[in-house]
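Engineer: The structure is given below, and queries will be raised subsequently.
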Amino acid sequence: MTCFVAFATDNNPLQDFCVADKNSPVLVNGLVCKDPKVVNEYDFFTSGLNIAGDTSLSPVGSNVTTVNAATIPGLNTLGISLVRIDFAPWGINAPHTHPRATEILTVMQGTLRVGFVTSNTDNRHITKVLNEGDVFVFPEGLVHYQQNIGHGNAVVIAALSSQNPGVITIANAVFGANPDISADILAKAFQLDKNTVYQLQARF
């Protein structure tokens, strides 16, 4: 007797759209769909990406404006989101990772140094200077960064391959964990003395 087992999945949308219902009390992996009969054009729209983000409040000199399913409910289940990043002169978007998305970035204004680091054990640093109109890709999950190396402001638009890509800023996650990661562990991992670790933890 022969037995066959079949498994089938479809990770693509199964309907035209699934506009997020922000008022639903139901918790799912994603967002619950609004009744399609009450969907309108504003569920697929936002504005304001022409407005510069305020970099003066950021200790690293950058500001990220996010467009995701929370901003445009019609993005729910479509697997894409967008950000505008504004940089003050010499500002950075500190080393971080998106656990659920690849990022493709376009420079709209200014000159940036960008880069990412491949996974262990190579830890190869791939870096490039980008000018207006240049495009660069950061593979999913890899640590990456951007730095404005010009004397004026810089602006980029980046698309991410998830409606909720997540972001883990390395310094915040390591030195700002709640509760703290043991200073013994961090001192050994980063080859620092414990007093330096305590100072870093106090800053984050």
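Each Cβ is built from the backbone N, Cα and C atoms, and glycine gets one as well.
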Engineer: Of the listed cysteines Cys3, Cys33, which one does TrEMBL record as disulfide-linked to Cys18?
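Structural biologist: Between Cys18 and one of Cys3, Cys33, TrEMBL records a disulfide, namely with Cys33.
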Engineer: Give, as a single whole number between 0 and 100, the mean pLDDT over the domain 'Cupin type-1' (49-198).
Structural biologist: 96
Engineer: Look at each of the disulfide-bonded residues, Cys18, Cys33, and point out the one with the fewest other Cβ atoms around it within 10 Å.
Structural biologist: Cys33
Engineer: Quick one, of the binding-site residues His96, His98, His144, which Cβ has the fewest other Cβ within 10 Å?
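Structural biologist: Candidates: the binding-site residues His96, His98, His144. Fewest Cβ atoms within 10 Å: His96.
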Engineer: Quick check for you: of the recorded positions Cys18, Cys33, Glu103, which have their Cα within 10 Å of the Cα of His96 (Mn(2+) binding site)?
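Structural biologist: So the list is empty; none.
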Engineer: Which residues in the same chain, at least 6 apart in sequence, have a Cβ under 8 Å from the Cβ of Asn93 (oxalate binding site)?
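Structural biologist: Expected: Val60, Ser62, Val64, Ile85, Phe87, Tyr145, Gln146, Gln147.
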